[in-house]
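Q: Dumping the structure here so I can ask a few things about it.
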Ligand SMILES: [Zn+2]
């Protein structure tokens, strides 16, 4: 079996699919665990953008799984091979589980470069074509604790034909089998967990076939790929994910790639997803924004209503378009601190937030840093956004534990006016 001792313990399953629990005995030594639903720590080459390890560790309850992508790593293969100690040691990462994925969900890769035998990733120096042999050589060099297998995920654009989708499922299964064959013969990958990739575009029968076939293989978990398309209707996506997760074994985790917006996270948790990539706070930071959506569901109806009133009374930049699909654009869950209205706003980014930024600085200061292009702006925003996003996931778990998902959804979507508790 190509997989570690990683175990998934479910403490609660709501409506037969929405899962609360813990991934246990992760990492090669089996010393790490991760609560689900949860998110991973997004990095570029092992570093959370804008933050040093010291700054990062001022944040409480960081995700225990660090994500790196082959698109960042592939061009450094020679150096890593020479180094020999694996990527964790190379990047000075201690005490974390390393997950290696193929693409960076925060970066849009060009399409049209996959073949029956290869997929391409884009590094800073351009395109790198990977065969299964090269892909697996990279994994042996990186020595992650988990990795996703090579897959053809180019089915997320609109208007993709059924034939192309079928081909992507076939290719991804063939890549999976080849990866597993190499994996099982590689001593360096002993105890490393393999995540199989479920493809199938927006075609239900292909999604089901991909899920069923992948589940037959000795994988430790599943990546649900190709759902990042902004053009896919949210209801259709939920339907497809619900159908897919029904086909997957209950005792293995499901990681959804390319989805990070809070409302979408909630819908996908309800469809049976356990894990998300953590790129969303980075995207928000890059556009000079701060996450400010509400997720507090403590049963105090009066303060909840008051918060809400304050929240909607122009405190934040209203976006209003919940169906704004492109994740590179500002969403209604954040405020644009570059906006002039914040130049003399001396409140913290979010009242009550315990992060370093909110404890020490005001909106006006971050606005000033942003308009003068100071590097500290990114640092402070990344601290706040990472902290806010992690706290949101904690709130999702609490809501699940206490049967308050409806309340949480209304709170996040900003429609809670009064609540009986
Ligand atoms: Zn904060």
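Cβ from N, Cα, C; glycine included.
Because TrEMBL annotations are produced automatically, they should be read as predictions rather than curated entries.
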Q: Figure out which of 329, 368, 384 sits with 353, 355, 358 in the Zn(2+) site per TrEMBL.
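A: Same Zn(2+) site in TrEMBL: 384.
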Q: Could you tell me which of the ranges 304-324, 388-408 is annotated in TrEMBL as region 'Disordered'?
A: 304-324
Q: If one looks at the chain holding residue 353 (Zn(2+) binding site), which residues at least 6 apart in sequence have a CB under 8 angstroms from its CB?
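A: 384, 387, 388 - these are the non-local Cβ neighbours of residue 353 (Zn(2+) binding site), listed in sequence order.
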